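Asks: Feature list, courtesy of TrEMBL:
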type    : residues                     : note
BINDING : His89, His123                : Fe cation binding site
BINDING : Cys95, Cys98, Cys131, Cys134 : Zn(2+) binding site
Amino acid sequence: MGTEEYMSELKDRGYRLTGKRREILEFLLCHNRYISARELIDYMKAKHPTMSYETVYRNLKTLRDEGMIEESRFEDNETKYRIICQPGHHHHYICIRCGRTMVIDHCPMPELSIPKGFHVLRHRFEVLGYCEQCQREMEKEQETEKHSDQSV
């Protein structure tokens, strides 16, 4: 879906169609990765210096509650957001360095042994690690560090 489809969905659900909400959606749509609220706030405040943190967080909550964005808590305990990458139930591989995601092809839940008496309400399966591009970049950084250490 594109910005217009999301905005139309929000209108159909009784939400106001504000320019700032549109910009937040466009920003999230342009990035195929998880975005921190801080990154989004910095982007929005650069365009709208008087924009409040509350406006950004309120919009993120609305988009999350309406099932348009996903949120995930990263190892640094920071919650990040991204546009839902596909409809329906799915899980992700998530790069903890850049926030890129890849969809896991199947749900592992049926393969788990649920303890007797435990009633599952919902689940989320995320595999955290480093994407191929970040691994290459980290290797280059380590090589650069190694060479600079040797020249000292």
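Every residue gets a Cβ built from N, Cα and C, even glycine.
Just so you know, TrEMBL annotations never went through curation; they're auto-generated.
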Asks: So if I draw a 10 Å sphere around the Cβ of Cys95 (Zn(2+) binding site), how many other Cβ atoms end up inside it?
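Replies: Taking every protein chain into account, the count is 20.
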Asks: Using the recorded Zn(2+) site (Cys95, Cys98, Cys131, Cys134) as reference, state which further residues of the same chain have their Cβ within 8 Å of the centre of those residues' Cβ atoms, listed in sequence order.
Replies: Ile96, Arg97, Gly99, Arg100, Tyr130, Glu132, Gln133, Gln135
Asks: Compute the C-alpha separation of His123 (Fe cation binding site) from Cys134 (Zn(2+) binding site), stating it in Å without decimals.
Replies: 28
Asks: What's the most sparsely packed of the binding-site residues Cys131, Cys134, counting other C-beta atoms within 10 A?
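Replies: Among the binding-site residues Cys131, Cys134, the sparsest Cβ neighbourhood within 10 Å belongs to Cys134.
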Asks: For Cys134 (Zn(2+) binding site), which of the three DSSP-derived states applies: helix, strand, or coil?
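Replies: Its secondary structure by DSSP: helix.
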Asks: Rounded to the nearest angstrom, how far is the Cα of Cys95 (Zn(2+) binding site) from the Cα of His89 (Fe cation binding site)?
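Replies: Given the Cα positions, His89 (Fe cation binding site) is 20 Å from Cys95 (Zn(2+) binding site).
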Asks: How many other Cβ atoms are found within 10 Å of the Cβ atom of Cys98 (Zn(2+) binding site), counting all protein chains shown?
Replies: 14
